[in-house]
Amino acid sequence: MTTGEGKRSCCTGGGFFRLGKCFPEESFQSWGNYARALRETPSRLVDRIFARSEDALELTEMKARSLHEMKKTLTWWDILWFGLGAVMGAGIFVLTGLEARSVAGPAVILSYLFSGISALLAIMCYTEFAVEIPVAGGSFAYLRVEMGDFMAFIAAGNIMLEYLVSGAAVSRAWTSYFATLINRRPDDLRIHVPSLAENYNHLDPISVGITFLTGFGAVFSTKLSSRFNTAIAMTQVAIILLIIVAGFTHADPANLTAPDGFAPYGFQGVFRASAVLFFAYVGFDAVACMAEETKNPGRDLPIGLIGSISIITLLYCSMALALTMMQPYSTIDPDAPFTVAFDTVGLHWVKYLVALGALTGMTTVLLAAAIGQARYVTHIARSHLVPPCLAVVDGTRQTPVAATVSMIVGISAVSLFTELGVLSDLLSMSTLVIFTLVALALFVRRYYVSGETAAADRNKMIGCIVVILAASLGFAVGTALDVRSVPLYAVSGGVWFLGTLGLQLFLKKARAPKVWGTPFVPWLPSASIAINIFLLGSLDKASYLRFLLWTLFLFVYYLLFGLHASYDMAKKAAQERNPREKAAEEGEAPPIACGGRGGGEIQDPPAAEISNN
């Protein structure tokens, strides 16, 4: 651990805009330093684009920058229920009716199944990384190791957006179901401000309150939060099972095909609904960020993550089936589908059960998200891409207090203003992009090792990946343009198959997983990429515009701040590494610098990380 002197030297001083420890890097210590850094932006950008980290760096030296360790208290049982609690929230109760009535019809069941398969493929890719690199950074750490510092930051920024949006969406939905429970309309509990823009003018103070309450639990104790989450998640699963049973007792199979057939909007509608309903599966990636606090990652993470997403898919499909069998899809209420459906069949009391189930689920979603997203921010801050003061782990609570508070404040600000409809589309966009990048990173991990893989094999890998991406884009274009062309999909499918087969036949795997590996590589991650990009083609133009604007903002931030902070940290760590290695050879232990134990990236050239895995 760092010494007290190390902490002071690292985290105090004038800093950029006199913000002290938030900007401790050399480039921000004076306006002259900052101007010099900006002049060097092109060379620094090239350096960081090709910078790659190492497993060992993420596992030891990066963690040491938090000053204290997070306590390992979680088992597979905790991870399983965190997975259930993190995912089962507003999505199934809120979005099912809208998508069934207007987009997919009774085939919304297939939409949930398709989204669930996509989530399962993605979680299998995630799990290999989580087991091999069990740190708080989640996909940020995985991409930093396999695809470089720059790509990791762009992905991290979109994950941050995902967490902000998902937390805000769930907290606003919490208000809606709380209103149902007390026989009030949701807008009765919100403050209408006519001067603000539409979709942003119904202020929701209750969503802010529940966000802060769950955030306090995340700060207090991870293990106690886990116990609370398990109890509430068990209650929610019991309620969902009661809703499913009650629905089936009043079901009419004829409603699945009346009045216009099982898939009245065609398979285009099924897939378009899948892209939006993917919102209902968002959250398990936050659970992967708890790997650093898991007792036995090699056993606990695969059981917990894969088990939870499998159970959730089964429950979602069953709920959708019960709803569409209770009444014709054209009569399903888009705002309160389950409540109105049970009122229609005479089970008026079930609306309170639905509201209670939604409230318990959304509470656990907010709690699990608060825990996961804070750990994600913590690891990003360890790299200095955001202020490193957010990386500090509290020595008493052994939780990342600063990172948790920062995310809670951000979620509260978004949830106060923004309507759920705006949030759900944007969330699916960010999530699908991140899942695609993680699957691509898995290809790199299995088929490429820097310094060992021949250039010819590297080029073959890149070529096959390009073919897979091109074929997947073919699927997406067909969906986006609503093209009902069998030849288009057949050609895209054939090209995808050939690209994946090329990886299978012409490349030897350069690395095997040590503990647990994703099965059926390259077919499983290739299928994950194809499905994710295919679903991206179902989203609307507004979602793409918001996503591109956010990514542009991230790039500007990176050029002005993140690039120079991470460059300085890497350069300083490289300078510290040489005397430590020399001292180790001579049997001595030099003082540890403020960057943490070891503190650095492998550099070649001086400020670029490389992987020697």
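The backbone N, Cα and C atoms fix where each Cβ goes, and this holds for glycine too.
Whatever TrEMBL says is automated annotation, not expert-curated.
What TrEMBL says about this one:
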COMPBIAS  576-585  compositional bias 'Basic and acidic residues'
DOMAIN    516-566  domain 'Cationic amino acid transporter C-terminal'
REGION    576-613  region 'Disordered'
TRANSMEM  74-95  transmembrane segment
TRANSMEM  107-129  transmembrane segment
TRANSMEM  206-224  transmembrane segment
TRANSMEM  231-251  transmembrane segment
TRANSMEM  271-291  transmembrane segment
TRANSMEM  303-329  transmembrane segment
TRANSMEM  349-372  transmembrane segment
TRANSMEM  401-423  transmembrane segment
TRANSMEM  429-449  transmembrane segment
TRANSMEM  461-481  transmembrane segment
TRANSMEM  487-507  transmembrane segment
TRANSMEM  545-567  transmembrane segment
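Ranked by number of Cβ pairs under 8 Å to the transmembrane segment (74-95), the listed stretches 271-291, 303-329, 487-507 are led by 303-329. Spatially, the transmembrane segment (271-291) is not adjacent to the transmembrane segment (487-507); fewer than three Cβ-Cβ distances between them are under 8 Å for residues at least 6 apart in sequence. Secondary structure of the domain 'Cationic amino acid transporter C-terminal' (516-566) per DSSP, as helix, strand and coil residue counts: 40 helix, 0 strand, 11 coil.
In this chain, the transmembrane segment (545-567) lies out of contact with the transmembrane segment (107-129); the count of Cβ pairs under 8 Å, excluding pairs fewer than 6 apart in sequence, is fewer than 3. Remote same-chain partners of the transmembrane segment (461-481), defined as residues 6 or more beyond its termini with a Cβ less than 8 Å from a stretch Cβ, comprise 268, 271-272, 440, 443-444, 447-448, 453, 488-489, 491-496, 498-500, 502-503, 506-507, 526, 529-530, 532-534, 536-538. Residues of the same chain lying 6 or more positions beyond the ends of the transmembrane segment (429-449) and with a Cβ under 8 Å from any Cβ of it are 118, 121-122, 125-126, 128-129, 139, 142-143, 145-147, 151, 155, 158-159, 161-162, 165, 275, 278-279, 282, 285, 457-458, 461, 465, 503, 507, 509-511, 518, 521-522, 525-526, 528-529, 532-533, 535-536, 539, 543-544, 546-547, 611-613. Listed as Cβ neighbours of the transmembrane segment (545-567) (distance under 8 Å, sequence separation of 6 or more from its ends, same chain) are residues 23, 25, 27-28, 34, 37-38, 41, 44-45, 47-48, 149-150, 153-154, 157-158, 161, 383-386, 426, 429-430, 433, 607.
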